[in-house]
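Remarks on the structure that follows.
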Amino acid sequence: MSNLLRDFEVEAKNPSLEARQRWRSSVSIVKNRTRRFRNIRDLDKLADYENKKHQIQEKIRVAFFVQKAALHFIDAAARPEYKLTDEVKKAGFSIEADELASMVRKNDTKSLAQKGGVEELAKKVSVSLSEGIRSSEVPIREKIFGENRYTEKPARSFLMFVWEALHDITLIILMVCAVVSIGVGVATEGFPRGMYDGTGILLSILLVVMVTAISDYKQSLQFRDLDREKKKIIVQVTRDGSRQEISIHDLVVGDVVHLSIGDQVPADGIFISGYNLEIDESSLSGESEPSHVNKEKPFLLSGTKVQNGSAKMLVTTVGMRTEWGKLMETLVDGGEDETPLQVKLNGVATIIGKIGLSFAVLTFVVLCIRFVLDKATSGSFTNWSSEDALTLLDYFAISVTIIVVAVPEGLPLAVTLSLAFAMKKLMSDRALVRHLAACETMGSSTCICTDKTGTLTTNHMVVNKVWICDKVQERQEGSKESFELELSEEVQSTLLQGIFQNTGSEVVKDKDGNTQILGSPTERAILEFGLLLGGDFNTQRKEHKILKIEPFNSDKKKMSVLIALPGGGARAFCKGASEIVLKMCENVVDSNGESVPLTEERITSISDIIEGFASEALRTLCLVYKDLDEAPSGELPDGGYTMVAVVGIKDPVRPGVREAVQTCQAAGITVRMVTGDNISTAKAIAKECGIYTEGGLAIEGSEFRDLSPHEMRAIIPKIQVMARSLPLDKHTLVSNLRKIGEVVAVTGDGTNDAPALHEADIGLAMGIAGTEVAKENADVIIMDDNFKTIVNVARWGRAVYINIQKFVQFQLTVNVVALIINFVSACITGSAPLTAVQLLWVNMIMDTLGALALATEPPNEGLMKRAPIARTASFITKTMWRNIAGQSVYQLIVLGILNFAGKSLLKLDGPDSTAVLNTVIFNSFVFCQVFNEINSREIEKINVFKGMFNSWVFTWVMTVTVVFQVIIVEFLGAFASTVPLSWQHWLLSILIGSLNMIVAVILKCVPVESRHHHDGYDLLPSGPSSSNSA
């Protein structure tokens, strides 16, 4: 089978165009190409989109480079005139939406200057730059300037899915056969008896189409809901005089937006104020170099990314008036990138389809030959009647229906169904799967490289200890939870200046007047510490003018700010990783509050304090300052600072993380912590989580960086903790792990984590702490930033794989039995025991209902007690082939005995004996599939009933199948070619079906694999990680 599937191999992430085209062209037997490829990306549309995108980028590039220069030579009078409408005037605005859009799109700084700059423009859109808009104004602003939403492709109606299901070529042929059958039947047998056979086929087709359409429609609704979740972005704005968070879709013209590193610019706008703002415009213009935005170059375009710095912007254009909106409009709903399992099952379906087509043709040929020979031997070869035509038509319908059953169209579609179900469940469990393949690949992950802060820990940080003036003070757990620090007025003032000036966060009042701190958890902890010391954020910010800000980034691991002092000169404050900032200091504030030189003895003493804090699992930060005669023109100095304080921030480990790590280890998944924290803090937290164990290695990023490639490969399997790491270190670790055959999942939250997220097999971005850049490069977004959620994604990834294996085992058994029983019977008796209507019903049990029952089963406990699914493992395992062969042989023997000796065994005689026998065969065949569907719940384990009632879908499908079978046999005989059965015959059919359970138990006792695993799972990996988990 592996050799036959050579053309059906694709990479899980970023598959090559050649591989994608190769497997598409290899799919030769398809009943309904429209439906089969509905969820698969259309390569022609993709190429069309890329061309349109390129055209828009070229247009924007012209605006950036040509129009900027041209505008200097254009007379103001030559610019288009925008007449103010009465509606705009009545709403209180004095500028048109199109004029705002044109100014930003053309980078028209001259027009902005003529209007008086951003301050005067704010007045034209009736907004205060300090207070923001009022929430009550949002509806009128949306009416005048538009909503911040992009044109979406209309949702497909249910009737569209019905129409799509009708495109099945075999169903179309059957419909033609049914219509002809009705015509010929009425002519020969009269009305209404002559209509029964054809009408039965038409009703069966209608049922198949409706069930298929309902299943596909529900799937499409799930994907649409998930797509909406992907587009949700939260932005920070100033409204009603306070800073607050809103959805990107609620943004309106006039909003004052706060931007920081990693944010996506949510609309077109104009720079108000900020520091070192660098914008990545490659998504729009294709330019790789970042653009510096300031008061001289003030225009910001929607869809671009903040690469560095921070700023406030005034929103001027939203929705479809922006260039980003126009680009989004060109996006086509071309489906998802195909997953490896979908491609592989397309291959399996193609191979089986070819076999089925051959059997169908042979069956028709054999039936026709037998019919002609019978006519020849009876001497009526020259006399042909309409009844003979009806018989031949019936043979043709049976042959076509064999193709319906034999071409397992449901195999690749079952993967989509299972993934959609898993994605919906994961969404409710706080994980948003952005790419289908990620859920599937997560089932094969052998290693998770996880951040510490917020993922393993709660991210609810508080300053627990502080060293200042040679004293260590601990937080007092009292009614006010305050620190009792005895500081001189000068030291306290300097400390509070450093806390409140050197921050990217804000202290605001909410609508109820309560104090609220907006910003990262670390910033919130330090600001809360400042408030506990009696500081006032707003007073401090008003006292000093900020001259320059160098925002925190994960490379420098520090943040700095420069403020102007009232008496002249300037003061630089810096805070950051203790070891790094300590090296920048020349002085320290001693016990008397005086600044004294930082001797080697004092450095050792402070280092011991830092180490002591870190060993208690506290994150440590140093707060330092430096006075300057004048503001430097370039970057702030990296030396000559005075140490003020070391703070220890407590960030408790999340409840359940240790158990989640143990679950991973039991499942053969190695967990590695990669953090920017001090190595002592990292080791303490890793031990608490169960990650750092005896025999494991904890290493600093700088040490790892200096290793040769050979040395790296030698120690990487032992690494459990990497501390003080840079984003580049994480990328290098991930890259090397993949080279040694690991399937790597990696978490990230910062902009600089994007390369590692992109490099990993599965990129996991944090939904709360993660930047938009990180989320855009991720495959899965962990909405609650919780490590337990990551483990849940792995659990569902494995469930998808094993569920599809169950479905494939079930479907192939039905394929084999249906094909052989009809073919052999046609060869020997000249008739097929299963009619077209019956085969259509079996096809629905097998395809749509079977997929619903088996492909949507929730994960069981045993899934995380096995090793990861090996990428190279054969999808259809020896164990599955054993089960398929054993069940097929049993069913063929029993049904064959009934077919050839049933009348004598069941003592059937009379005119309806053949009809009764064929009904018993049909009934027994269906109940064989019902019980085999239950068997398929477990490929290897004997107890197939465990957890069966936990899956309501499975229970519902079983109930519906049995109820419909009773209706078909007892009440729809005229259409389904059945007759009502006695209770003895019903009991016999159920008994024959239930014996499948005993056959399954016997089969599962037959060993077929020498290894101690099943179902495509590999042995637990050897090495330090597995031994530790043991």
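Every residue, even glycine, has its Cβ placed from backbone N, Cα and C.
Shown in sequence order, MET673, VAL674, THR675, THR747, GLY748, ASP749, MET766 are the residues of the chain, 6+ apart in sequence, with a C-beta less than 8 angstroms from the C-beta of ASP451 (active site, 4-aspartylphosphate intermediate). The active site, 4-aspartylphosphate intermediate feature in Swiss-Prot is assigned to ASP451; the stated evidence is similarity to another entry.
Look at ASP753 (Mg(2+) binding site): DSSP puts it in a helix. The C-beta environment of ASP753 (Mg(2+) binding site), restricted to residues of the same chain at least 6 apart in sequence and closer than 8 Å, consists of SER554, PRO727, LYS730, ALA765, ALA774, ASN777. According to Swiss-Prot, the Mg(2+) binding site annotation covers ASP749, ASP753.
Among the features that Swiss-Prot reports, phosphoserine is placed at SER28. Within 10 Å of the C-beta atom of SER28 (phosphoserine) sit 10 other C-beta atoms, taking all shown protein chains into account.
The feature region 'Interaction with calmodulin' is assigned by Swiss-Prot to 19-30. Regional average pLDDT for the region 'Interaction with calmodulin' (19-30) in the model is 77.
According to Swiss-Prot, the feature topological domain 'Cytoplasmic' maps to 1-157 (among others).
The feature topological domain 'Lumenal' is assigned by Swiss-Prot to 179-196 (among others), with sequence analysis given as support. Panel annotation: around the topological domain 'Lumenal' (179-196), residues 202, 385-387, 389-390, 393-394, 397, 974-975 of the same chain, lying at least six beyond its termini, place a Cβ under 8 Å from a Cβ of the stretch.
The annotation topological domain 'Cytoplasmic' is assigned in Swiss-Prot to 218-345 (among others) on the grounds of sequence analysis.
Among the features that Swiss-Prot reports, topological domain 'Lumenal' is placed at 366-395 (among others). Using a Cβ-Cβ cut-off under 8 Å and counting only residues 6 or more beyond its ends in the same chain, the topological domain 'Lumenal' (366-395) has close neighbours at 177, 180-181, 184-185, 187-188, 197, 823, 826-827, 830-832, 835-836.
The topological domain 'Cytoplasmic' annotation in Swiss-Prot covers 414-804 (among others), and the record cites sequence analysis as its basis.
Using DSSP to sort the residues of the topological domain 'Lumenal' (824-834) gives these counts of helix, strand and coil: 6 helix, 0 strand, 5 coil. Sequence annotations record features per position, and here Swiss-Prot assigns topological domain 'Lumenal' to 824-834 (among others).
Here Swiss-Prot flags 856-875 (among others) as topological domain 'Cytoplasmic'.
Mapped onto DSSP helix, strand and coil, the topological domain 'Lumenal' (899-910) counts 7 helix, 0 strand, 5 coil. Swiss-Prot lists 899-910 (among others) with the feature topological domain 'Lumenal', giving sequence analysis as the kind of evidence.
If you look up Swiss-Prot, you'll see 933-950 (among others) marked as topological domain 'Cytoplasmic', on the strength of sequence analysis.
The topological domain 'Lumenal' annotation in Swiss-Prot covers 973-982 (among others) and is backed by sequence analysis.
The topological domain 'Cytoplasmic' annotation in Swiss-Prot covers 1005-1030 (among others).
What Swiss-Prot lists as transmembrane segment is 158-178 (among others).
Cβ-based neighbour count (10 Å, all protein chains) for ASP749 (Mg(2+) binding site) stands at 27. Between the transmembrane segment (158-178) and the transmembrane segment (346-365) there are fewer than 3 Cβ pairs closer than 8 Å, counting only residues 6 or more apart in sequence, so the two stretches are not in contact.
Across the range of the topological domain 'Lumenal' (179-196), the DSSP-based residue counts are 15 helix, 0 strand, 3 coil. Contacts between the transmembrane segment (396-413) and the transmembrane segment (835-855): present, as 3 or more C-beta pairs lie under 8 angstroms, all at sequence separation of six or more. With pairs at least 6 apart in sequence, the transmembrane segment (835-855) and the transmembrane segment (951-972) have 3 or more Cβ pairs within the 8 Å limit; the two touch. Within the chain carrying the transmembrane segment (805-823), a Cβ under 8 angstroms from the stretch's Cβ atoms is held by residues 345, 348, 352, 355-356, 359, 362-363, 366, 398, 402, 405-406, 408, 410-411, 414, 418, 832-834, 839, 842, 845-847, 850-851, 854-855, 857, 875-877, 880, 883-884, 887-888, 891-892, 895-896, 899, 925, 928-929, 932-933, 936-937, 939, 1015-1016, all 6 or more beyond its ends.
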